[in-house]
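Have a look at the structure below, then the notes.
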Amino acid sequence: MNENLDPTTKGYNSEELDLEKRLRPLSFDDFAGQDQVLENLKVFVAAANQRGEALDHALFHGPPGLGKTTLANILANELEVGIKITSGPVLDKPGDLAGLLTNLDERDVLFIDEIHRLSPIVEEYLYSAMEDFKIDIMIESGPNARTVQINLNPFTLIGATTRSGLLTAPMRARFGISSRLQYYSTELLTTIVERSAGILKMPIDLEAAIEIAGRSRGTPRIANALLRRVRDFAQIKGNGTIDLEISKYALKALNVDAHGLDEMDNKILLTIINKFKGGPVGLSTLATAVSESSETIEEVYEPFLIQEGFIMRTPRGREVTEKAYKHLGKINTNIQGGLF
C-alpha cells in the first residue's frame with residue numbers, strides 16, 4: 001500500500017501527524033458514524049460523570065483507521081480527565097506498565113493500542129490493576145527482595161485491537177464495554193471529507209468529495225490521507241480548488257482505482273489468479289509471493305477485500321471471487337473448464 005495511504009500512521013512525518021491530529025474530532029458531536037457505538041458511549045459517560053466514578057474499562061476492535069484512537073481521546077475529553085497513550089509492543093516488562101499506572105490521576109484514561117500484542121507477563125500484571133486498582137511492585141533485589149502492594153487511583157483502561165481473536169479470554173472478560181467499529185458508507189465519508197477540507201481551508205466540490213470518499217476503503221483515516229494528497233495536486237496541477245477533474249487525476253496518479261483498491265490490493269488479487277489459479281492459497285505462501293508480511297495482509301488488506309467480495313477465506317486458504325476476475329478483466333478458466 002502507498003505509504004501515505006496506509007491505514008496506520010507508520011511512515012508519517014511530523015507534519016503529517018500534526019495534520020492527522022487537527023482533523024480528528026474532539027467530541028461526540030464532531031464524530032461521524034458508528035451511531036450505535038456512539039449512543040451507548042454517551043450513556044456510559046453521562047452515567048460515570050453523574051456518579052463521579054471512573055468509566056468502566058472499554059475495548060474497541062475492528063479494522064485499522066476507523067476511529068479507535070479518536071474515540072479514546074473523545075472519551076477522555078467528555079469525561080474531562082487526562083489520557084496517557086501507549087501500545088502493546090512498547091510495554092516489554094511490568095515495570096513499564098507500573099510507571100504509567102502509578103502516574104494516573106483519579107478517573108484518568110490509559111489507552112493501549114494494539115493491546116493484543118501485550119506480552120503474557122505484562123497482561124497478567126494488568127489484571128489486578130483493572131479489577132482491584134492495585135499492583136505489586138518488587139523492592140530491591142536478591143535476598144532482600146520483597147513485594148509491596150500499591151493502591152492505584154481508579155482509572156479507565158481503553159484497549160484497541162485489530163485482532164480481537166488474539167485476546168485471551170481473561171483479558172477480554174475484564175472489559176465492561178466492548179464495541180466493534182464498522183466500515184463507513186460513502187455518504188458518511190463524504191461528510192468527513194467535506195469537514196476535513198473545511199479545517200484545511202481547502203475549497204472542495206461535492207462531486208470531488210464523493211469521488212474521494214468512494215475510493216477510501218470505507219475508512220476515515222484513508223479518506224483524510226487521500227484528501228491531503230489530492231489537495232497537493234489541486235495546489236500544484238490545478239487552480240487551488242478540489243474539483244472532480246483534479247480528484248480523478250490525482251487518484252489515478254496515486255494508483256487508487258474506482259473501488260479504492262491500490263497497487264498492493266491488485267497485486268494480491270493478480271498473484272492469486274496468475275500464480276495459484278485463483279486459489280486456494282495459504283496466507284504465508286501468499287505473503288511470500290507478494291513480498292509482504294502475513295500480518296500486514298491479514299490486518300490491512302484482507303478485511304476490505306473480503307468485505308467488498310474480492311476474496312473468500314476457506315478452510316484450505318484464500319480464494320478470489322468472480323468479482324475479482326471481472327475487476328481485473330480476467331477470465332475465470334476454472335469455471336470455463338467445468339462447462340465441458
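Glycine too: its Cβ is placed from the backbone N, Cα and C atoms.
These figures come from a predicted structure and were not determined experimentally.
Taken from Swiss-Prot, the feature ATP binding site applies to Leu23, Arg24, Gly65, Lys68, Thr69, Thr70, Glu131, Asp132, Phe133, Arg174, Tyr184, Arg221. Listed in sequence order, Asn151, Leu152, Asn153, Pro154, Phe155 are the same-chain residues at least 6 apart in sequence whose CB falls under 8 Å from the CB of Phe133 (ATP binding site).
With a 10 A radius on its CB, Thr69 (ATP binding site) counts 20 other CB atoms from all the protein chains. As annotated by Swiss-Prot, Mg(2+) binding site applies to Thr69, with the evidence given as sequence analysis.
The DNA binding site annotation in Swiss-Prot covers Arg313, Arg318 and rests on sequence analysis. Within 10 Å of the C-beta atom of Arg318 (DNA binding site) sit 24 other C-beta atoms, taking all shown protein chains into account.
Under the heading region 'Large ATPase domain (RuvB-L)', Swiss-Prot lists 1-184.
In the predicted model, residues of the region 'Small ATPAse domain (RuvB-S)' (185-255) average a pLDDT of 96. Annotation source Swiss-Prot lists region 'Small ATPAse domain (RuvB-S)' at 185-255.
The region 'Head domain (RuvB-H)' annotation in Swiss-Prot covers 258-340 and is backed by sequence analysis.
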### Query
If you count other Cβ atoms within 10 Å of each one's Cβ, which of the binding-site residues Leu23, Gly65, Glu131, Arg313 has the most?
Gly65
#### Entry: Tyr184 (ATP binding site) CB neighbourhood, other CB atoms within 10 A
25
### For the region 'Small ATPAse domain (RuvB-S)' (185-255), the number of residues DSSP places in helix, strand and coil
50 helix, 2 strand, 19 coil
### Message
According to DSSP, collapsed to three classes, what secondary structure does Tyr184 (ATP binding site) have?
### Response
coil
### Message
In whole Å, how far does the CA atom of Thr69 (ATP binding site) lie from that of Arg313 (DNA binding site)?
### Response
28
